[in-house]
Every structure is written in C-alpha cells, then in structure tokens.
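*Asks:* Structure provided below as structure tokens; questions to follow.
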Amino acid sequence: MATLRTIIRITTLQTPRYYHSSSFLSNPNPRTIQTLETDLSTSISDSFFAEKILFNLKQGNFDSLRHLLSRLNPPMVVDVLYKCSGDLHLGLKFIDFITTNCSSFRHSSYSFSAMIHILVRSRSLSDAQALILRMVRRSGVSRAEIIDSLVSTYQNCGSNPLVFDLLIRTYVQARRLREASEAFRILKSRGFCPSINACNSLLGGLVKVDWVDLAWEIYGVVVGSGIQVNVYTLNIMINALCKEGKIENANLFLSDMEEKGIFADIVTFNTLINAYCREGLLEEAFGLMNSMSAKGLKPGVVTYNAIINGLCKNGNYVRAKEILGEMLRVGTSPDTSTYNILLVECCRKGNMADAQEIFDEMLRQGLIPDLVSFSSLIGLFSRKGDLDQALMYFEDMKGAGLVPDSVIFTMLIGGFCKNGIMLEALKMRDEMVEQGCLLDVVTYNTILNGLCKEKRLSDADKLFNEMVERGISPDYYTFTTLIHGYCKDGNVDKALNLFETMIQRSLKPDIVTYNTLIDGFCKDGEMEKANELWGDMISRGIFPNHISYCILINGLCSGGRVTEAFRLWDEMLGKGIEPTVVTCNTFIKGYCRSGDAAKADEFLNRMISKGIFPDSITYNTLIHGFVKEENMDRAFALVSKMENQGLLLNVITYNVLLNGFCRQGRMQEADLIFKKMIQRGVTPDRSTYTTMINGHVSEDNLKEAFRLHDEMLQRGFVPDDKF
C-alpha cells in the first residue's frame with residue numbers, strides 16, 4: 001500500500017493543467033487552510049480511485065469496474081489516461097470500457113481531449129476523429145476552449161502534432177470552414193502549426209465553396225508561418241485563381257512557385273486547360289496541352305475531356321469528334337464522361353442521328369452509360385416527339401439497374417403533354433409516384449401545361465388543388481400557365497381570380513402574365529378591363545413591349561376603334577419600340593373590318609416605306625377586304641404583287657377571290673385563278689368547286705359546270721347539287 005507522502009507527491013505532480021488553485025500564502029486565514037485540507041483530501045481520494053480503476057483494468061475485473069462508474073467524473077478520466085500515457089494498450093482498454101459502459105457519461109473538453117490523444121498515439125485515427133466531431137458539435141463550446149483543452153492535455157498524454165491536423169480536417173469534413181479557419185489561427189497563436197497536408201485540406205475546402213478571399217488569407221498565414229507548401233498547395237491556389245477567371249495571375253503564380261522549386265503536375269495543367277476552355281480561349285488551351293510533353297507529362301483523359309468540352313461549348317462539335325479520334329489513336333481511353341460531353345452537345349443541338357451514333361460507340365468501347373447518358377437521350381427524343389424511342393431508352397436505363405429520377409420522369413411527361421397524349425403523361429406520373437419520386441413544382445407545371453393545352457381545365461384545377469394540398473408551393477409558371485389556359489378558353493374572370501391569388505402569394509407577375517390577361521380581355525371585347533390592366537402593369541414598373549402594344553392595338557382595331565389604336569401606335573414609336581409586321585397586319589385587318597380597304601392599302605405602302613415587309617397574312621387580309629368591297633381589280637392586282645414577292649395564297653384566299661369574280665359574272669378571271677391555283681399546288685376544296693359550279697351555272701355554262709361536278713366527285717367531295 002502506498003504511503004500518504006507518496007500519494008501526495010503523485011497527486012501534486014500529475015494534477016492536470018486545467019486545475020486552477022488560488023494562492024493561499026498571501027492570506028493564510030483558517031478558512032483557506034480548511035479549504036486546502038478539503039481539496040487535498042479530495043485529490044488523495046480521487047487518486048486512490050484512479051489507482052483502483054487501473055488495478056481492476058489491468059486485472060480484467062470488469063464487474064468491479066462497473067461498480068466504480070457511479071463515482072467517475074471527467075477529471076478522473078483525465079487522471080486515469082495520464083497514468084496510462086506509458087501503456088497505450090491500457091489506455092485504449094479504458095477508453096473502450098467507458099465508451100461501452102458509460103454511453104450517457106457527460107465528458108468535458110479535457111476528458112475528450114485526453115481520450116483523443118491516446119487514440120491518435122495508437123493510430124486509431126477514425127475513432128479519434130469521431131470523438132473530435134462529437135466535441136466540436138457540442139453546443140456552447142468555443143474553438144478556443146477545444147484547442148486549449150487539446151494543448152493542455154497534449155504533453156501529459158505524450159501526444160503528437162497529428163492530433164491538430166485531425167482537428168482541422170474534422171472541421172473541414174464537417175463543412176465548418178469558418179470554424180476551421182479560426183481554429184487554424186488559434187493553433188498558430190498557441191505555438192502549434194498544422195502540417196501542410198492539413199493546411200491543404202482547409203485551403204481546398206475553402207476554394208471548393210468559393211470562399212477564395214478567405215483561402216488567400218489562410219494561404220498568407222501558412223507561408224508566413226514557414227510551413228513548406230507543396231504541389232498540392234500550388235494546384236489548390238491555381239484552381240482558386242482560375243475559378244475567378246484570373247488565368248494570367250494563375251500563370252504568374254505558377255512561375256513564382258517554379259522558382260521556389262515546386263513544379264506543375266498533370267493536375268496543374270488540367271486546371272489551366274479547363275480554365276482556358278471555359279473562357280473560350282481554345283488556342284491557348286491547345287498550346288498548353290502541346291507543351292505538356294516538354295515537361296515530361298502526357299495528356300490524360302481529364303485533359304482531353306476539358307478540350308472536348310471547350311470545343312462543344314464553342315459550337316465546334318466536328319473538331320471535338322476529331323479530338324476523340326486523336327485520343328483513341330494515341331492510346332488514351334475515353335471514359336463515360338468523354339462520350340457524355342459529346343452526347344449532351346448532340347442533344348442540345350437536336351441532332352438525333354449523331355446522338356445515337358455517339359451512344360452506340362460508347363457501348364462498343366465497353367463503357368457503361370450513366371444517368372447523364374440516358375437522360376440526355378430521353379430528353380432529346382421526348383422533345384422531338386419520338387416517344388417510342390424515348391421510352392426504349394427509358395426501359396434500357398431501368399434494365400441497366402439505373403433508377404430514373406424526377407428529372408427523367410418529368411422529361412417523358414413533358415414529351416407526352418407536348419404531343420397531347422395526356423393519358424400516357426398521367427400514367428407516367430403514377431409510375432413516378434410508385435417509384436418513390438416526389439413530384440416537384442416543375443413536374444406539376446408540366447402536367448398543368450399539357451392539361452391547359454388540351455382544354456381540360458377542370459382537371460387542371462383539380463391538379464392545382466392537389467399540388468397545394470401536398471405542400472408544393474405554386475410558382476410564377478404555375479399561375480401563368482393556368483391564367484393562359486383560362487384566357488384561351490374565354491374564362492377571363494377565372495384567369496383574373498388566379499392573377500389576384502398570385503399577387504396575394506407575393507409572386508410577381510411579369511410582362512408575359514399581363515400580356516396574356518390583356519389579350520384575354522381584348523378577345524372578350526372588354527377593352528375597359530384591358531386598359532385597366534395596362535395601367536396596373538405600368539404602375540408596377542412593368543413596361544409594355546411590342547407584343548403588349550400589338551395585343552391592345554388588335555383589341556382596339558377589332559372593336560373598330562382604329563383612331564385610338566393609332567394613338568397607341570404613335571406612343572409605341574415615341575418610346576422607340578419598332579413595330580413588327582404582326583402589328584401592321586392588325587391595322588390592315590382593322591381597316592378592312594371597318595370597310596375601308598383603301599386606307600388599309602395606304603397603310604401597306606406606309607409600312608413598306610418603314611422597311612417592314614408584308615407577309616402572306618398582310619396580302620390575304622387586304623385581298624379579303626377588297627373582295628368584300630367588290631373591288632376585284634385591286635384584289636387581283638394584289639395577287640400578282642404577292643406572287644412577285646414569292647408569297648403564296650392559301651385555299652381560303654383563292655376561294656374568296658373566286659367567289660368575288662363569280663358573283664360579278666367574271667368567269668374568265670375566275671377560270672384563270674382556278675387554273676393558277678392548281679398550278680401553284682393548292683388543292684381545291686369542296687367550297688372551291690361549289691363556287692365555280694354555281695358561277696358557271698349562273699352564266700348558263702352547264703357543260704363546264706358538269707365537268708367541274710364530275711371532277712369534284714373524283715376528288716371525293718360530295719356536292720349539294722343546289723345549282
């Protein structure tokens with residue numbers, strides 16, 4: 001049994017640094033002496049307790065140890081581990097024991113630290129990191145306290161600097177980068193410098209989340225502390241510069257590092273080449289790749305992928321394919337990413353044949369397509385309306401063990417909706433739910449758009465309610481889609497209610513929303529409401545564009561309010577908004593509806609003088625206007641003018657002309673137009689034949705009437721025989 005003097009000596013020497021004892025010599029009153037005696041008694045008792053734990057631990061008396069747990073506290077844990085500093089096996093045994101049997105034990109930063117030191121010394125780094133993570137996640141514990149506890153227990157546990165590396169890495173892996181930076185600075189102030197590997201971990205973490213300024217601050221501290229940087233540091237900081245587009249600075253930094261004996265490796269070159277490609281500087285990227293061999297480096301698949309991606313982004317798909325061929329010739333095997341880059345570009349351009357060729361070549365190379373490969377193809381064929389092919393790739397993807405995500409399902413649903421196959425779209429939605437994919441606002445908007453296009457507005461309304469019930473917040477596109485659907489259906493009141501709900505939900509309507517609503521009210525003839533919305537739009541700081549003016553001008557012209565429409569025209573020109581042929585056609589239609597084709601003709605000359613060239617709609621509208629006014633000569637002259645400009649009449653315009661000439665008994669002109677119609681490849685319809693037959697009957701030319709009657713039957717039209 002140890003003597004009292006021995007125990008006092010041991011306790012005095014091994015008291016942990018975090019024990020603070022006040023000086024009592026300057027004020028030796030009876031109370032202070034009494035407190036000292038109590039503290040001394042407690043220390044002796046705790047030391048006996050620690051010895052007792054160690055004795056039972058060595059003997060393997062775990063039942064006896066469990067009886068001692070109720071008295072265990074953090075300082076005792078530290079004391080036991082200090083005594084184990086010379087016997088790591090015993091220390092690990094103790095840590096394992098308290099971890100297994102004291103899961104609810106409330107550690108202090110110091111007991112955690114002592115355990116961490118023992119684990120680090122024994123190279124149980126994953127266990128040590130788990131404890132560090134527990135310590136840093138404790139609420140109310142500052143970085144300074146954590147570091148001070150690790151520093152205070154460092155020497156007595158016989159630890160090594162690796163523990164501080166582990167601390168920094170744990171912060172970084174837990175994505176607590178500001179805390180990691182603060183911990184790094186505190187460690188430096190305490191005289192401890194983490195290794196360059198830990199510094200690189202911190203720098204890399206900061207650059208990854210684009211905290212580049214803070215990364216440079218830490219880099220400055222690292223260099224200022226005399227820590228020897230390496231090629232990994234070089235690559236991290238060059239990446240930081242490249243991310244900000246500072247490629248020239250990156251090259252200067254590289255030169256400076258090479259002067260210090262740190263030379264670029266393939267990662268450095270890849271980073272710079274990728275940066276050049278991102279900026280569209282492909283000549284510089286090629287030059288850098290060609291210079292790699294002089295440095296004893298060979299371009300790898302990452303290098304080639306960067307070049308191929310750069311070429312595709314710059315629209316040079318042909319050259320990108322050539323680089324793929326070069327890769328194969330020099331023996332660099334492309335990977336799935338190589339082919340995906342080319343595949344994505346083909347799909348972006350809508351080139352189905354090339355996309356399939358790239359996909360097939362990928363398979364021939366023995367590469368396994370991933371979600372990017374399949375989603376690119378499924379998206380392309382869905383957009384193009386080739387849904388059978390899209391579904392084939394969808395099934396192949398599932399057969400390859402890949403799980404479709406919400407994006408892929410939504411692309412297929414979008415394809416079905418675009419083609420009006422709503423039953424299949426809804427089936428795909430059901431499969432999506434069965435697969436455990438959550439419908440997001442994009443999926444709902446896609447289905448809503450399909451339902452609105454098919455005028456299934458009651459179903460769209462139900463889906464909207466389902467969406468809200470499931471906690472999916474409708475966005476701007478949701479409301480604009482529904483507003484457009486109801487306006488097209490003529491239900492402008494419902495559209496206006498949705499508009500008001502949209503504003504109540506703090507969703508800002510834009511020019512598209514207002515144009516849709518104004519167009520709806522114009523078509524409904526409610527011009528006052530349309531003007532009210534126009535004013536509301538401007539009051540919200542949303543200014544009309546050429547489409548807005550065209551819509552309101554059309555509404556006014558349709559209502560015969562051409563003078564007001566011209567005031568709006570002048571306002572539009574005054575704001576520097578150039579009219580389009582669509583706007584001009586609106587005025588021509590307005591004049592013709594008002595029975596003033598001559599003014600419409602004048603306006604035609606006016607628009608041509610402004611450099612706005614008429615289209616088929618312009619001429620067709622004017623021809624209809626002149627025929628309506630029985631001015632067949634002017635109508636026929638416009639046909640010649642139209643044909644001279646390479647514009648084609650449609651069957652409706654031909655029928656209008658034929659009807660006008662036949663009503664006036666001018667059958668020679670009617671026959672001429674009928675022949676010209678057929679020569680131009682415009683197929684006569686039932687109305688064409690009926691007009692011509694009636695015209696010839698009116699002129700007593702029954703022979704021609706019967707000939708046309710027979711021709712009509714041969715073409716499969718059933719005459720009404722009312723001639």
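Cβ from N, Cα, C; glycine included.
Pulled these features from TrEMBL for this protein:
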- 230-264: repeat 'PPR' (REPEAT)
- 265-299: repeat 'PPR' (REPEAT)
- 300-334: repeat 'PPR' (REPEAT)
- 335-369: repeat 'PPR' (REPEAT)
- 370-404: repeat 'PPR' (REPEAT)
- 405-439: repeat 'PPR' (REPEAT)
- 475-509: repeat 'PPR' (REPEAT)
- 545-579: repeat 'PPR' (REPEAT)
- 580-614: repeat 'PPR' (REPEAT)
- 615-649: repeat 'PPR' (REPEAT)
- 650-684: repeat 'PPR' (REPEAT)
- 685-719: repeat 'PPR' (REPEAT)
*Asks:* Over the repeat 'PPR' (615-649), what is the model's mean pLDDT?
*Replies:* 87
*Asks:* Excluding the flanking five residues on each side, which residues at least 6 beyond the ends of the repeat 'PPR' (300-334) place their CB within less than 8 Å of a CB in that stretch?
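*Replies:* Distal contacts: 266, 269-270, 273-274, 276-278, 280, 282, 285-286, 289, 292, 341-342, 344-346, 349, 354, 365, 367.
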*Asks:* With helix taken as DSSP H, G or I, strand as E or B and everything else coil, how many residues of the repeat 'PPR' (685-719) land in each class?
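*Replies:* Looking at the repeat 'PPR' (685-719) with DSSP, the answer is 26 helix, 0 strand, 9 coil.
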*Asks:* Could you tell me how many residues in the repeat 'PPR' (265-299) are helical, how many are strand and how many are coil under DSSP?
*Replies:* 25 helix, 0 strand, 10 coil
*Asks:* Report the DSSP secondary-structure composition of the repeat 'PPR' (370-404) as helix, strand and coil residue counts.
*Replies:* 26 helix, 0 strand, 9 coil
*Asks:* List, by number or range, the same-chain residues at least 6 past the repeat 'PPR' (405-439) whose CB is under 8 A from its CB atoms?
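*Replies:* Result: 371, 374-375, 378-379, 381-383, 385, 387, 390-391, 394, 397, 446-447, 449-451, 453-454, 456, 467, 470, 472.
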*Asks:* List, by number or range, the same-chain residues at least 6 past the repeat 'PPR' (370-404) whose CB is under 8 A from its CB atoms?
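*Replies:* Same-chain residues near the repeat 'PPR' (370-404) but 6 or more away: 336, 339-340, 343-344, 346-347, 350, 352, 355-356, 359, 362, 411-412, 414-416, 418-419, 421, 424, 435, 437.
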*Asks:* What same-chain residues lie close to the repeat 'PPR' (265-299): Cβ under 8 Å, and 6 or more beyond its ends?
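*Replies:* Answer is 231, 234-235, 238-239, 242, 245, 247, 250-251, 254, 306-307, 309-311, 313-314, 316, 332.
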